[in-house]
Amino acid sequence: MNIHEYQGKAVLRSYGVSVPNGKVAFTVEEAVEAAKELGTDVCVVKAQIHAGGRGKAGGVKVAKNLDEVRTYAESILGTTLVTHQTGPEGKEVKRLLIEEGCDIKKEYYVGLVLDRATSQVVLMASEEGGTEIEEVAEKTPEKIFKEYIDPAVGLQGFQARRIAFNIHIPKELVGQAVKFMMGLYRAFIEKDCSIAEINPLVTTGEGKVMALDAKLNFDSNALYRHKDILELRDLDEEDSKEIEASKYDLNYIPLDGNIGCMVNGAGLAMATMDIIKHYHGDPANFLDVGGGATAEKVTEAFKIILSDKNVKGIFVNIFGGIMKCDVIAEGVIEATKQVGLELPLVVRLEGTNVELGKKILNESGLNIVAAESMADGAQKIVSLVG
């Protein structure tokens with residue numbers, strides 16, 4: 001789960017991480033009032049959407065007086081920002097962060113991520129702050145420094161100091177930088193983050209180390225023990241189909257293709273997408289109905305797939321281990337009738353009660369194309385979609 005920058009900064013502040021003072025605003029008048037309350041000579045007006053690249057898209061403006069705050073708030077609120085992370089459709093700006101300006105001396109990057117290769121959290125840092133870390137990794141990888149963190153003991157002070165020296169934090173500010181990184185790590189662990197990224201981390205003319213931006217992502221599977229974080233969820237920033245899918249415990253991720261996929265199990269779902277691509281098709285989604293799919297869940301899965309106007313056909317690929325193929329077959333038939341499906345539908349069943357499942361499909365009288373294997377099903381749906 002993602003949260004907004006201002007929410008992430010509030011979380012980090014509670015862990016002793018230094019961030020600029022700021023206030024969220026939902027209207028132009030609130031933005032002006034927030035700037036008044038901050039009482040600083042310079043304010044930064046920042047669009048709040050779940051995407052990076054806001055500055056390049058015109059979503060971050062420096063205001064030197066209240067009139068400029070009003071002008072920038074009017075120009076940003078309600079507009080659609082298109083960045084490299086939003087896709088061509090962009091995201092509408094519904095809230096702003098009004099923040100005090102900083103006398104920036106130098107920008108850095110600091111982030112915590114999970115390294116799946118080592119099964120450890122890794123602290124990454126670079127003196128090339130303010131730019132995409134992927135770009136730094138591609139062009140100047142030698143400027144990225146890493147510290148792998150033993151989960152048994154956590155981030156150690158010497159590791160944070162080594163990072164600070166490697167990225168050339170001024171010696172007199174190393175102590176602050178170490179405190180910053182230790183606080184960031186505590187937030188990452190205690191709040192079950194999957195990413196904690198500060199870009200940029202800055203040193204200021206006043207001799208401070210601060211987070212000028214904050215990106216926190218959380219492990220959705222751990223949200224049951226973080227009610228405070230769950231309350232920060234902004235449904236306006238999420239795909240409506242993903243929200244609907246979550247209501248029925250369906251794992252749905254939209255893609256750009258035209259072949260809808262309904263599969264049980266994440267591994268089989270990925271294999272299904274791969275084989276569709278192998279036969280020159282394009283999957284429209286990843287949809288895992290899980291191990292205990294009912295007729296209701298199958299029906300809802302169909303509705304979610306069909307809500308994507310790009311879908312021209314559906315491939316149902318089920319291995320009946322925990323669930324039974326006859327139950328899935330009945331669910332597919334019920335769903336087909338309920339939604340009045342007119343698109344090509346290919347169904348491949350294998351596993352428990354597979355013969356009964358196939359019999360139910362064959363005797364349904366519906367235009368359902370049966371497949372004998374995953375490859376057969378992929379070829380058939382690609383051919384039918386054209």
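Cβ atoms here come from the backbone N, Cα and C positions, even for glycine.
The shown structure was predicted, so the numbers you read here are calculated from the model rather than taken from an experiment.
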Where Swiss-Prot shows GLY53, ARG54, GLY55, GLU99, CYS102, GLU107 binding ATP, which of LYS46, LYS91 is named for the same site?
-> LYS46
Listed by Swiss-Prot with GLY321, ILE322, MET323 as binding substrate, from among ASN251, ASN258, ASN264, is ASN264
Filter the binding-site residues ASN199, ASP213, GLY321 down to those whose C-alpha lies within 10 angstroms of the C-alpha of GLU107 (ATP binding site); answer none if the list is empty.
-> ASN199
Round to a whole number and give the Cα-to-Cα distance in Å for the pair LYS46 (ATP binding site) and ILE322 (substrate binding site).
-> 49
For the binding-site residues CYS102, ILE322, MET323, the one whose C-beta sees the most other C-beta atoms within 10 angstroms | MET323
Compare the Cα of CYS102 (ATP binding site) against each of the binding-site residues ASN199, ASP213, ASN264, ILE322, MET323 and report the nearest.
-> ASP213
Among LYS46, GLY53, ARG54, GLY55, GLU99, CYS102, GLU107, the annotated ATP contacts, find the widest CA pair distance and round it to a whole Å.
-> 20
For substrate, with binding residues ASN264, GLY321, ILE322, MET323 per the record, max Cα distance (Å, no decimals) returned as 10
Around the Cβ of ASN264 (substrate binding site), the count of other Cβ atoms that are within 10 Å | 24
